[in-house]
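Peer 1: Please find one structure pasted underneath; my questions will follow.
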Amino acid sequence: MFVPRSLKLKRNSNDDLKSCEAKKSKPEAAGLQLEGNRETLVLESVTKEAVTADRPGSASSTSSPSCQLAEVCSTGPDQGVKDSHPSEEPVKSFSKTQRWPEPGEPVCVVCGRYGEYICDKTDEDVCSLECKAKHLLQVKEEEGSLKPSSPQGAASEPESPLDAFYVYKEHPFIVALRDDQIETLKQQLGISVQGQEVARPIIDFEHCGFPETLNQNLKKSGYEVPTPIQMQMIPVGLLGRDILASADTGSGKTAAFLLPVIIRALPEDKTPSALILTPTRELAIQIERQAKELMRGLPRMKTVLLVGGLPLPPQLYRLQQHVKADTMLKMGFQQQVLDVLEHTPSDCQTVLVSATIPDSIDQLADQLLHNPVRIVTGDKNLPCSSVRQIILWVEDPAKKKKLFEILNDQKLFKPPVLVFVDCKLGADLLSEAVQKITGLSSTSIHSEKSQVERREILKGLLEGDYEVVVSTGILGRGLDLVNVKLVVNFDMPSSLDEYVHQVGRVGRLGQNGTAITFINNNSKRLFWDVAKRVKPTGSILPPQLLNSPYLHEQKRKEQQKDRQTQSSLVTGANLMDIIRKHEKSSSQK
């Protein structure tokens, strides 16, 4: 069966071919698009494919992929499958009758033509019945190659069904470790945990008892051993606990929350089973791609990606009519996360994950999380230790010249270079200047560009098509830009948390990288924060910053505030002084 790239329509289910649905040429989405010039609240739901029982009396409700391929090949190239709705286009039988895709359109996984349809068995884009049958044959062969071969006559223990109810139990190896050994392990890995009855960290993915298909997907995706945040966060998530987690940029946080989501969604009948909110479209697209890699071959597992800037019907085709995700999208991203989560069940598991945990997130966690486990790996709210940070004092008129010097420096210049600026117009102008002056291939990316343009630019960045990409903050959070070795903060970010995220585009998963930041008196309110959080990493700060009166004034105010806080605390040493002050003030009244 095919699923069109538009909203589902009711069909007669007499046979597999009649149930194929063609995509409407231009789905009407007026009034459903979000404003493209702002950051977007993104909703992603892990859903299940509906299972339809065979009708009694029928020999078989589905045919094998090879039979489907033979059936397609016996049909003329110009013959499509017509249904009871004469106003709609017939489903294309052969790939050669399908057109080539335009930029940003889905691509057939078999032949590369326009992916007009979606195979509901694999959730992949296909262009015709012919490519659907070929694709299913490929999937069947891949699944056969994953099955472990056993010697003839040897009794092989059957693997438990993937949709069997999963209960996480600590591996015997983990149980056998003493408490002091666990604490030593946490200290060596930099894992800090707060909470009641917290699960012990795992040391290997095999300690989780995942289905073999998921273990194979982990290896194919490059996950050999868990990172520190994954060691602690995965077992806690598998037990259904609420989590507030902070870890270095590029430390594997996405897989740390995706694996428990996938496992807990396997036996669920209700759809959707999980909702993931991200601050940018690009991060949502990346998370969905990683989820699909990990879910490949697992039964009835699907994803839905809902982002602003694209027509909603093609994104909503997998959701049942009773799901209210489209309503939440139309409300606009400016609604707070609290408003969205009010629509979720009261007993659902909630996980908050970030590279930085400011006070606002701590306050939000107190409202959202029930008996949470707080997990921190690395230095909280500090840049990743594998990133070499360089802070340069550069006045605004000299910024372009300094950037061109860096791009011409053979020791520093390692393309592709990611340059962050604070406004959209500045991104466009700086990108043009870089290409004109240095001759390097350059482009800009920001929220005013269409989603199709942004996707193509991001793809080009990852594939090395651009030597320099000038961006606003939309590329500053969560994205795995593994080939980026140099980041330049042309404009100092508005907060140290944003600085940590932007610097974190290099140094992914322990790789070395360099981040160069231009700073001047326009960022004077951040001087003390920079000194506190960047200097401990070994970075040399410019003397203009260290000798600035703004820095010394901010330092004095913070020290005074700390002294006031200390004096308000009641201890054995100051208890009598507090009593005397209270008696004196009472007698004066």
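Every residue gets a Cβ built from N, Cα and C, even glycine.
What you see is a predicted model, and the numbers here were worked out from it, not measured in a lab.
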Peer 1: Between 104-133, 254-283, 284-313, 464-493, which stretch does Swiss-Prot give the note zinc finger?
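Peer 2: That would be 104-133, the stretch labelled zinc finger in Swiss-Prot.
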Peer 1: For the region 'Disordered' entry in Swiss-Prot, name the matching range from 1-36, 505-540.
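Peer 2: Range annotated as region 'Disordered' by Swiss-Prot: 1-36.
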Peer 1: With Swiss-Prot as the source, identify the stretch among 174-202, 203-231, 348-376, 377-405 annotated motif 'Q motif'.
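Peer 2: So the range that Swiss-Prot calls motif 'Q motif' is 203-231.
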Peer 1: So what's the average pLDDT for the zinc finger (104-133)?
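Peer 2: Its mean pLDDT is 83.
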Peer 1: Near LYS253 (ATP binding site), which residues of its own chain have a C-beta under 8 A away, given they sit six or more steps off in sequence?
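Peer 2: Sequence-distant Cβ neighbours: ILE229, MET233, ALA245, ALA247, VAL353, ALA355.
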Peer 1: By DSSP assignment, list the helix, strand and coil residue numbers for the zinc finger (104-133), in that order.
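Peer 2: Looking at the zinc finger (104-133) with DSSP, the answer is 5 helix, 8 strand, 17 coil.
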Peer 1: Which one, from the binding-site residues SER251, THR254, has the smallest tally of other C-beta atoms lying within 10 Å of its C-beta?
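Peer 2: Ranked by other Cβ atoms within 10 Å, the binding-site residues SER251, THR254 bottom out at THR254.
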Peer 1: Count, for each of the binding-site residues GLY250, GLY252, the other C-beta atoms lying within 10 angstroms of its own C-beta, and report the residue with the smallest count.
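Peer 2: Among the binding-site residues GLY250, GLY252, the sparsest Cβ neighbourhood within 10 Å belongs to GLY252.
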